[in-house]
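Database features (Swiss-Prot):
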- 89-107: compositional bias 'Basic and acidic residues' (COMPBIAS)
- 89-116: region 'Disordered' (REGION)
- ASN199, MET228, TYR257, HIS293, SER313, ARG314, GLY315, ASP354, GLY355, LEU356, ARG357, GLU393, TYR420: substrate binding site (BINDING)
- HIS397, HIS461: Zn(2+) binding site (BINDING)
- CYS541, CYS544, CYS549: [4Fe-4S] cluster binding site (BINDING)
Amino acid sequence: MKEKKNIPTTQSLLSSFDGSRKVYEKGSRPDILVPKREIALTQTVTQAGMIQNEPIRVYDTSGPYTDEHAHIDVTKGLNRLRAAWVEERGDTESYEGRHVKPEDNGYRSRNGSHQHIHTDFHHKPLRAKQGACVTQMHYAKKGIVTPEMEFIALREGLSPEFVREEVASGRAVIPANINHPESEPMIIGRNFHVKINANIGNSAVTSSIDEEVEKMTWAIRWGTDTMMDLSTGKDIHTTREWIIRNCPVPVGTVPIYQALEKVNGVAEDLTWDVYRDTLIEQAEQGVDYFTIHAGVRLRYIPLTVDRVTGIVSRGGAIMARWCLAHHQENFLYTHFEDICEIMKTYDIAFSLGDGLRPGSIADANDEAQFAELETLGELTEIAWKHDVQVMIEGPGHVPMDKIKENVDKQMEICKEAPFYTLGPLTTDIAPGYDHITSAIGAAMIGWYGTAMLCYVTPKEHLGLPNKEDVREGVIAYKIAAHAADLAKGHPAAQKRDDALSKARFEFRWRDQFNLSLDPERAMAFHDETLPAEGAKTAHFCSMCGPKFCSMKISHDIRNQSEEVKKEMEKKAKEFISGGSQIYSS
């Protein structure tokens, strides 16, 4: 008997955080409604009375899952938010698309045992009409401010024209495949909020479709800006379809993983035709950006021989093995213009993979890493000629003193295309805590100009992350990204910090919890020692107690100072009313 598969459940996510509600900021047209999370604040108690604190609105990535008025059926997918915008431009056409094959899900025949859950995903793919280009970069270069750009401007608190200029210049990308209309437009660029990405996906050893969909909804709840499906086991196509149809943020993939599954895991058997078919398959599903390791060139491979950890990128290692087996140049490099044609047909952004990134501190900033970067700069300019959007992937494992060099070189070589880095990890000695070792590097590299940070979970180097690991990784990277925004002086970045600091000083405990990145954990830690409801208004916590709380003492000093000030003012008035005489006769 076949194992019964569960329908992915999102019931636990259909509510907002305590003290918050979903609100929408209206644009210039009725269908531009930009989601934000509004955090209600309690009043400040003073000796003179109560003072109202205005609510704080924060950037929100959770989609309709935290909207109490939304109806969600994961077997049907989310509402097609951008469908009308794409259609009204008049430069796309629908078509039948390719048929799903057994090998798309990792099976050799249609008799393969795969996970099947009934869905109502009626998704007929779109493509650009003959001779048309449908990329956001193309529109931006023509001076067109698209609805996507206006949506982003409202999200970021900037002007639509500024968004258009950044996309036109290549300094920012809007990952928005025309076949992923469910996504809420967002932007990746160093002059915007630093973004984070969360990786999910099954492996040949563990996980299932429902687990991965739940991880996706969990990650966006905690704040991931994009999602990468890195599935390498069975049911890759089906898992990806479920994720994309239910995902309100851009979805990226590494197509070489699925292409390898189609040739039974034998890298030497990969061909351009297999890879091209995989690109089109994923493009039709709606993948918003592809990691493509076109910079791993045959002549660079010997540069990795003396490394401590060799080639640590899965995609990089696959292509290096293919190049050596055939003693030919990387077919992703030789067919790069062909790939550009596919990308511009669906508006898929390049995430040019760093297949030779350092996998250890000892290998950081070496010849192999920077040789590949030179090729990525070359490929960036080719893609831009096709009006295809590009971001550049970066390391990896880099000690703190070598981080800035990575950003400086990338900016120069890749003409300021957005940088997207994995960490970097700043030390190699902390398995189980690499969300911390990497968040240190992520905060620094974000400050220096990296546009998006790929999260690392506590399971890095140890195993496939579960739901709780995803939460840990996302929160660690939200901290890093926000710290970078503060350091760069991003408009409004400090507003939430100031609100929380004020709530902390005024002992408004619930406001402190609600304003934090992880309200549930903040309250749980507080309640471990002071669970009573009265403790939520107490002027101390269990760390210092009522007599040693520095903030309580500060309040006392302020009150005393106010009394002294009033007494001094009283004496001054008496002095003046007495004729301002210093001595009396």
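Cβ coordinates come from backbone N, Cα and C, glycine included.
For ARG357 (substrate binding site), other Cβ atoms within 10 Å of its Cβ number 27. Of ASN199, TYR257, GLY315, GLY355, TYR420, all annotated as binding-site residues, the residue with the shortest Cα distance to HIS461 (Zn(2+) binding site) is ASN199. By neighbour count, meaning other C-beta atoms within 10 Å, the densest spot among the binding-site residues HIS397, HIS461 is HIS397.
Considering other CB atoms within 10 Å as the measure, the emptiest surroundings among the binding-site residues GLY315, GLY355 are those of GLY315.
Of the listed binding-site residues, namely TYR257, TYR420, the sparsest CB environment within 10 A is found at TYR257. Reduced to three states, the DSSP call for ASN199 (substrate binding site) is strand. Recorded residues ARG357 (substrate binding site) and HIS397 (Zn(2+) binding site) have their alpha carbons 8 Å apart, per Cα-Cα distance. Residue counts of the compositional bias 'Basic and acidic residues' (89-107) by helix, strand and coil are 4 helix, 3 strand, 12 coil (DSSP-based). Cα of GLY355 (substrate binding site) to Cα of HIS397 (Zn(2+) binding site): a span of 13 Å. Secondary structure at SER313 (substrate binding site), taken from DSSP and collapsed to helix, strand or coil, is coil. Once the Cα atoms of ASN199, MET228, TYR257, HIS293, SER313, ARG314, GLY315, ASP354, GLY355, LEU356, ARG357, GLU393, TYR420, the listed binders of substrate, are compared pairwise, the greatest separation found is 20 Å. A sphere of 10 angstroms centred on the C-beta of ASN199 (substrate binding site) encloses 23 other C-beta atoms. Within 10 Å of the C-beta atom of SER313 (substrate binding site) sit 24 other C-beta atoms, taking all shown protein chains into account. DSSP gives TYR257 (substrate binding site) a helix state.
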